[in-house]
Amino acid sequence: MAKLTVKDVELKGKKVLVRVDFNVPIKDGVITNDNRITAALPTIKYILEQGGRAVLFSHLGRVKEESDKAGKSLAPVAKALSEKLGQDVVFPGATRGAELEAAINELKDGEILLVENTRFEDIDGKKESKNDPELGKYWASLGDGIFVNDAFGTAHRAHASNVGISANVEKAVAGFLLENEIAYIQEAVEAPERPFVAILGGSKVSDKIGVIENLLSKADKVIIGGGMAYTFLKAQGYEIGTSLVEDDKLDLAKELLEKAAGKLILPLDHKVANAFAGYTEVKETADQNIPAGFMGLDVANKTIADYNTQLEGAKTVVWNGPVGVFENPDFQAGTVGLMEAIVKQPGVKSIIGGGDSAAAAINLGYAEKFSWISTGGGASMELLEGKVLPGLAALTEK
């Protein structure tokens, strides 16, 4: 990576500003999934071990008005982080002001402070989300000229707490998580070991047009599953019953199929039901057609066997989006079969691009078998699309 990283700067005795992604699910004050906190630990520990004084910034959820603040404080995160680090995490509960400034200035080497939810600044004019220049400058003034961005999950956004701070410090550098995310995803797409197979699931073609187009020019094969497969199948003239479809994208699907010249791999059969919820009948189809009154909710056995064939010998696999409604045990066999087919390839570099695919791998017990699971759904999508991430572009060149 051509950007400075946290290892390239002197940290001892410095107030080091760190953007992390602690946007974790919280229910009744309890964190239900702390993966993002765990993912940030290597960078935080390194800064503290080097004698830096860490000042952490993160958003949590969306905050548009005063009433949105309830349940959006980072207080539970400060507590969880303290337990993971085995040391106190100072939490003044503010995003600005004399109390916050005093607490930061009182930090000693190896100590840590967490600023309150950066999106509390969105209540008055969306200052965080719109990258207000004064806010970026103010937050930058709280440190000693070093900013570490370790929040890959927000790297595709230009906010005050990443791009804004970066513009007002001497050195803006990447943390270990951001560095790894870029290395795995960008290298997989730009310089893959071949054969390179991309797998795209999810519900809408419209969400992934740019990704499909970019990957068709880079990958040896692009496997399409999930809800968006039905738009492609309808474009080819197959019956899709009541399955999810984007009729306004049929011409685009035809164009992509022509451009793909055999590279796009679609399901060969389906597991269908007579309703999405409250269904009374589930069955498998004999081929690519889906009968009237039924909707496709997963792929079936012929397709799973085909996944094994298509992935045979693959050296690089990038997967974004499940191929069925994996949250429902009736419709998770396709996603499980796909994961099995990926992880059994010898010497494969296997990367999951965040979001629902990451949840599927974690919930179904496959996480440890993949080379890398991204922490940022939107950011990884934009990298797969070949876009430049603002949070990364704002970092200091080596």
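Glycine is no exception: its Cβ is also placed from the backbone N, Cα and C atoms.
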In Swiss-Prot, the substrate site includes Asp21, Phe22, Asn23, His59, Leu60, Gly61, Arg62, Arg119, Arg157. Which of Arg36, Arg96 does it also list there?
Arg36
Cα distance, Gly355 (ATP binding site) to Gly61 (substrate binding site), nearest Å?
15
In the chain carrying Ser357 (ATP binding site), residues 6 or more apart in sequence that have Cβ under 8 angstroms from it:
Gly201, Trp319, Asn320, Gly321, Pro322
Would you pick out, from the binding-site residues Gly61, Gly296, Gly354, Gly355, the residue whose Cβ has the largest number of other Cβ atoms within 10 Å?
Gly296
Counting every protein chain present, what is the number of Cβ atoms, excluding its own, within 10 Å of the Cβ of His59 (substrate binding site)?
27
